[in-house]
Amino acid sequence: MNKVTGRYSEGNSEGISNEISDQYLSFRGFCKTAHGSSKLFLGWQKKFFSLVGTKSSSEIDSNLDDEFSELMGPTVTKGMLEKNVEAELCKDDVDGEDMEMPHDKLKLSDSESDARQGESLREKVPMELFKAITAAPVLSLDRVMDEWIEKGNDLTRTEITFIRIYLRRRHMYKRALQLFEWLELKRQLIFTDTDYASHVDLIAKVHGLHKAETYVERVPKSFISEVVYLSLLANCAYKGYMKKSEEIFNKMRNLGFPLTSSVCSHLLLLYKKKDKKKFVDVLLLMKKENVKPTDIIYQILIDAKGQSNDIAGMEQIIETMKAEGMEPKMYTKSIIAKHYIFGGLVGKAENVLKQMEGEIEENHMVCRHLIALYANLKKVDDVRRIWQLCEPKARIIDCMTAIEAFGKLHKIEEAEAVFDKMSQEGIHLTSKHYYPLLCIYASHKMLAKGKDLVKRMSERGCPIRPLTWDGLIRLHIKAGEVEKADTILQKGAQHTYLKPKVTSYVAVMEEYAKRGDVHDTEKIFYKMRQAGYVCRIHQFQCLIQAYINAKAPCYGIADRMKADNVFPNRVLENMLLQSDPFKKTLPPDLLN
């Protein structure tokens, strides 16, 4: 942990603790000595050892999905058609107004079953309290709750459960955390282990992992159960902190908690991105301790094979899953279709989509996945057809998916029509609801319409925040007004409580680099670091490209990268050699 900032960071793998591997995951020879080994796990070994060493980590990391996207439901949105650069950069983006936490799908207290329960609780919650909580400024939430109790009203667990579910679904984590803190302080709720787990999760989201760990130390020992540490592990794994995740895992083992499928799911997600060898070790550990694979685990394995472009291996896993009596569910089918699409297997993708269409009547959520997937296949008529089925019962997320899909297909008027429908429903829209249409205007160089949309936002009382700044920056960049985009970025950086998205900095930086403007590229690079963002490979690529385009030597860049624990892939290695005419080879310690 950084003692100055209180934030965790992970650099290169050298020096990272091997505790988890040595103590619990070193079962490479297990398959030779175990008796009565599961046929399923032997199959996994054969299929997944091929993941190790088949490609360089940089090649695997360049896949189109963020490593945790499968748990959000793998809607194929704009990020899947672009490089993984934005997904990688956004890991450091802590704006909060539009952040998704994919690992929530694995939480016990905030799972899909809780969400379904929330729907049935809606009628039981006093709307006066509900509206007061959602409308009150965050700093005034304590006063709202105090006034509710002072009026003689009760506050039941049923009401608290629904409010918690509602706030979390809308990513209003600060408000949800303050509610939990008030409940604990005023003793208005007898906390269970799942309540403590939810509290830990909210602290990690709002204040970071160090604060969450500190809170865990204060939880009464009688309530320290697996779910409390699972909440901590989930957040560490989501952030990609491998060493810290392993420490938490080892602590769970030392406390005697059983190995569960939920723990394995988080480890698999972590190692799918960070360390393919340990990915296989988790499977071997599951075999040793007889942990049966769940739908989520199969989903991760299928996606891992798809990301490594091993379609045949992916299909073998699907067959293994079916042989174990589990049919792929909607999310898993979306993943399968996604990999078929990007693998160029259009016929197979369409077969999966037809199967998904058969589930529309039972599960309305299928529509938005179909809309996004058909958009990636450039099937305009199918997108329109599914949207017509979805439209009568469309929720905001369905509308946003349709807006992105029509924008991707260059059907601007249809995207605008969906947006108008969404805005006329009487629902209070935030900046994230305007963002897809703003991005469409930016990509199509429609500067006037983009400015008009932001004006409409302001007139409707919608705060202009980092998402909107990002859209405006992209809008001006596409219109060739890079200096104007830079001005918006600098004004956003002066905000007291918010900061521009990391992708906003990178977008401006890329444009200056294309021009060979070394001074301004270095300026944005410095401002990005000043804002607290970690510099990654792509930022250094932009910086070096500016020097290359300016035909200027880039002195000391290798040392700067080494200081930031950034180690070059093949592309960056070539750029480094190209930018420094005085060196024929890179220093050995940088290449290690």
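Easy rule for this one: first residue shown is 1, then count along the chain.
Every residue gets a Cβ built from N, Cα and C, even glycine.
The following features are taken from TrEMBL:
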COMPBIAS  100-118  compositional bias 'Basic and acidic residues'
DOMAIN    408-543  domain 'PROP1-like PPR'
REGION    95-118  region 'Disordered'
REPEAT    225-259  repeat 'PPR'
REPEAT    501-535  repeat 'PPR'
Reported mean pLDDT - the repeat 'PPR' (225-259):
90
Using DSSP, tally how many residues of the repeat 'PPR' (225-259) sit in helix, strand and coil.
27 helix, 0 strand, 8 coil
In the repeat 'PPR' (501-535), how many residues does DSSP call helix, how many strand, and how many coil?
27 helix, 0 strand, 8 coil
